[in-house]
Every structure is written in structure tokens, then in C-alpha cells.
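Participant: One structure, pasted below without further comment.
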């Protein structure tokens, strides 16, 4: 009997796993090599370390090496690798009679208060997206900038940079991109009249011009640079605050960080605008006739400001002001930054939106879109750094690195900023920060330097990667449109990387030293 023919119904009954697309041979090979390489490196680190180093310290070094390789090659999904400490340390570490290594002790890192600060920040961002408040803010900024191309690009950068302080840089880039493409549709008409592009080529032709390149890159770069300004703007900033609080009892306030991060963010944004608009990709047209009308048309599509938008804006403003003002008003604040964030999050679930009956400012269907993987990554990084300290590995690293204490501190800061900045071109910025913060913190202790002085440039540099599409999600989003080549991105990115090294080093040695009272 011949087999029955396969029907569409039978195909639809296949499980999601059966329907999943396989990896490309290159990606599959990279991940298998990374998986094996991580295990090999872990074994080597454990065996080559001196015998007088405690078992737990050698184990921590081995697990750190394994996680670093797996994170960099994505042998496992990045959040999955972050779960390794929760399994490996309770299973393999001995601990002490007073402080045994258990799932409870390791798992405490996955509930660190900084994780709840970030969670609350994400809830505010999701509420802004739910009510299109982020889009209205962006369009109002663009409307204020006029019709000059240079000013319009500045407007895109200001809007993108501001939003990425509060909303994830990926979501910000994804939102700003279609607005940019709408503007390019209009620019194409002006360029056709001037003969800059062929008639009928439309936005596709405009995107191949210097203006199109500058606009696309400005969105990608501003999404990363704006996030430097706040603790919740980018995961490495939050990881730094959590690491310093957990391991060194150093607390970084939300407002304190803004005093350090905001000036760096603003200067880098200004330099990026100058580099793109005045040096590398000077626009072929100086004005866009009707540009303001296009933006106003987009604003009109949003309709009148809704009650939901007003309420979300009020809660967002209340949270931002509280983060800055409460530490200034109280010597011992009655509520932490994480408490403020979660209060704002709960208010979003509680307050009616003034729309249909029972509709709140935030519902769980929206909140479930939280990047839970990033929160797990926080926990894994903090669990790893906690084991660095409790196992004695930090002390051993300090002893081994004591010899470099003779190097000028400024030189060490520059070297760290450069190394991390170029490393994160090919690795996850959060994973890079999670791996290197405890390592660099141990070196700082060993050479007698305030750990903040070496860990701050690590966190800042981990976010600043501009040369390659894989460096940051905003770079990948813009490159994925097909309108920016790797060569164009690398051309601008190399100058931004060099500027980043200089400005991060200067920020660390001046603003950070002043704001946090660092002595060196």
C-alpha cells in the first residue's frame, strides 16, 4: 500500500521545534567551538593555577572563563549562560561552615535591588510605548528643529538620545527608524530637483546619499550614547552600581550617576553630530522644503494627547524627579532608587487610563514584554562577582597584579577603556561588563586603588561600540535596513571609538573623581 500523501493539516500539526529553522553552518560551528572552548578553558584555568590557591577560587576562575567564552560565542543563549552560577557553585564549591555555598546564597544575586530598579525602569518604558508617548516626544522634538538638514539630524539625535535614557536603546532605534525613512521620502524630492539623485529613485536613492547615511548612523549612535546618562539607560551602568554595592558597599545614587554620565553623553552626541554632518557625510541639501509639514502630519496621526499619555508622563516625571531629589533632601533616604522604580511600576498597574472601563496605564500583556533575559544576565553577572569575593579569587588577583601598581592610574584607565571598547565590538556589552567588572575590581584592590576608578571606565566603555553591526543592537537595526554598509559604519565608528576612549578617560579622572570623592 502506498503511503498517504502529506496534507497541509499534517504539516500544521508539527511541533514548533520541528518547524524551527536550523542555524547556518558557520554559526553552528562557531557555537560548537565556543561550547568546547569554554570547557577546555575552564579545565586549563583550574589546573594551571597554583596549588596554594583554594579550590573555590580556582573553581570560580574556571567558571568565569567558561562563561566568558560562552557569552562571547553565544554557545548557549546569553541568558542561559547566566544561569550557570546557580548550578555550578552550589554543586561544586565547598564554601565554609559559616557560609556554605547553596542555591539560596547564590540565588540571592538574582534578586539584587538594582535588578528591580531596572525592572521598574522597563515598566515605565513599556507604558510610554503602550500609549505612544515616546513617539509623541520624538516628533515634538523634531518639529522644533525646523527644516535645515543639519538641524533635523540634530533633532533626531536629541530625541533618540533622550528616549534611550529611559527606554531600551533597541526599542528607541526601532521606533525612530520609520520616522527617519518618512523624512527621507521628502528629502528625495528635494534631491531630485537638485539633480543629486535620479528622478523616480525616491527614498532608496536618498538613502544612498551622504544625508541618508548621516541620518541612519545618527539614529544608531544616539541610541547608544543617550543611554550613558542614567543608571537604567544601559545594563552595564546598572551592573556597575550593583557590583559596587554588593562587593564594596559603595552606593551610586541615580542623580550622582547623571552628574557623571550626562555630560559624557552630551559631549559624545555633539561630537558625533559634528563628525557625521560636518566632516564625513555632509548633506547634499541644506534645507528640506515641507519637512516640518511631514513631522506635523505624523503628530496629527497620533491625535489629541490622551489621558493615558498625560498620566504616564506624570508618573515618569515623578519618578525622575524623585531619583534626583530624594537623595539631596534626605541624608538617609526613606526609599531607595529601586523602591522608587517599583512604586512607579505599581502605580502604572493601579491607575485607570481614562479609556475603556478597566483599562489601566499598564497591563500584564504589555509588561510581560520585559526583557527578562537581561534581568537574568544581571543576576548571573552578580552571582559570579559575588563568588569572586567570597572564594578568595579577588584577593589572589590582587596579589598577582600588585606588580602593575607602579603604572600611572591615568594610563591604566586609558588601557582599560580602549580594551573594553574594542572588545565589545564583537561581544555583548552586558556580558562584557559582567565578566570584567569583578576581574578589574580585584586588580584595583590589589594595587591599592579605589575600585570605582577602574570599574567606571569598564562600564562606560562597554556601551560605546560604533564600528560593527554586531557591536550593539541599534547598529544592527540600522545595518539591517540595507541602507548603511559596514564600511560606512566602520569609517565613522573608528573616530567615535577613539573619541570615546579619550572622553571616557577624562570623565573618569575628572567628573567621577569629583562626584564620588575618589582619592588616588
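Cβ from N, Cα, C; glycine included.
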Participant: State the residue range annotated as transmembrane segment by TrEMBL; the candidates are 254-276, 277-299.
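Facilitator: Checked against TrEMBL: transmembrane segment maps to 254-276.
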Participant: Which stretch, out of 173-191, 192-210, is listed as transmembrane segment by TrEMBL?
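Facilitator: Going through 173-191, 192-210 one by one, TrEMBL flags 173-191 as transmembrane segment.
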Participant: With CB pairs under 8 Å as the measure, which of the listed stretches 32-49, 108-128, 311-330 comes out on top against the transmembrane segment (368-388)?
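Facilitator: Result: 108-128.
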Participant: Quick test of the contact rule: Cβ under 8 Å, at least six residues beyond the ends. What residues does that give for the transmembrane segment (149-167)?
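Facilitator: Answer is 121, 124-125, 128-129, 134, 137-139, 141-142, 173, 175-176, 179-180, 183, 187, 211, 214-215, 218-219, 221-227, 229-230, 232-233, 265, 269, 272-273, 276-278, 283, 285-288, 291, 316, 320.
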Participant: So, does the transmembrane segment (108-128) come close enough to the transmembrane segment (311-330) to give 3+ Cβ pairs below 8 Å, pairs being at least 6 apart in sequence?
Facilitator: yes
Participant: Against which stretches of its own chain does the transmembrane segment (211-234) lie, if we need a Cβ under 8 Å and a gap of at least six residues from its ends?
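Facilitator: Hits for the transmembrane segment (211-234): 114, 117-118, 121-122, 149, 152-153, 156-158, 160-166, 169-170, 172-173, 176-177, 180, 183-184, 187, 191, 241, 252, 254, 257-258, 261-262, 264-266, 268-269, 272-273, 276-277, 280-285, 337, 341, 429, 460, 463-466, 472, 474-475, 477-479, 481, 483-484, 488-489, 492, 496.
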Participant: In terms of Cβ proximity under 8 Å, which residues at least six beyond the ends of the transmembrane segment (61-88) contact it?
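Facilitator: For the transmembrane segment (61-88), the far contacts come to 30-35, 37-39, 41-46, 49, 103, 106-107, 109-110, 372-374, 376-381, 383-384, 387-388, 393, 426-428, 430-432, 434-435, 438-439.
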Participant: Any contact between the transmembrane segment (400-423) and the transmembrane segment (494-519), i.e. 3 or more CB pairs below 8 Å with pairs at least 6 residues apart?
Facilitator: yes
Participant: So which residues does the transmembrane segment (494-519) touch in its own chain, when a touch means Cβ under 8 Å and the partner is 6 or more beyond its ends?
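Facilitator: Residues packing against the transmembrane segment (494-519) from afar: 221, 250, 252, 256, 259-260, 263-264, 267-268, 271-272, 275, 280, 409-410, 413-414, 417-418, 421-422, 425, 450, 452-453, 456-457, 460-461, 464-467.
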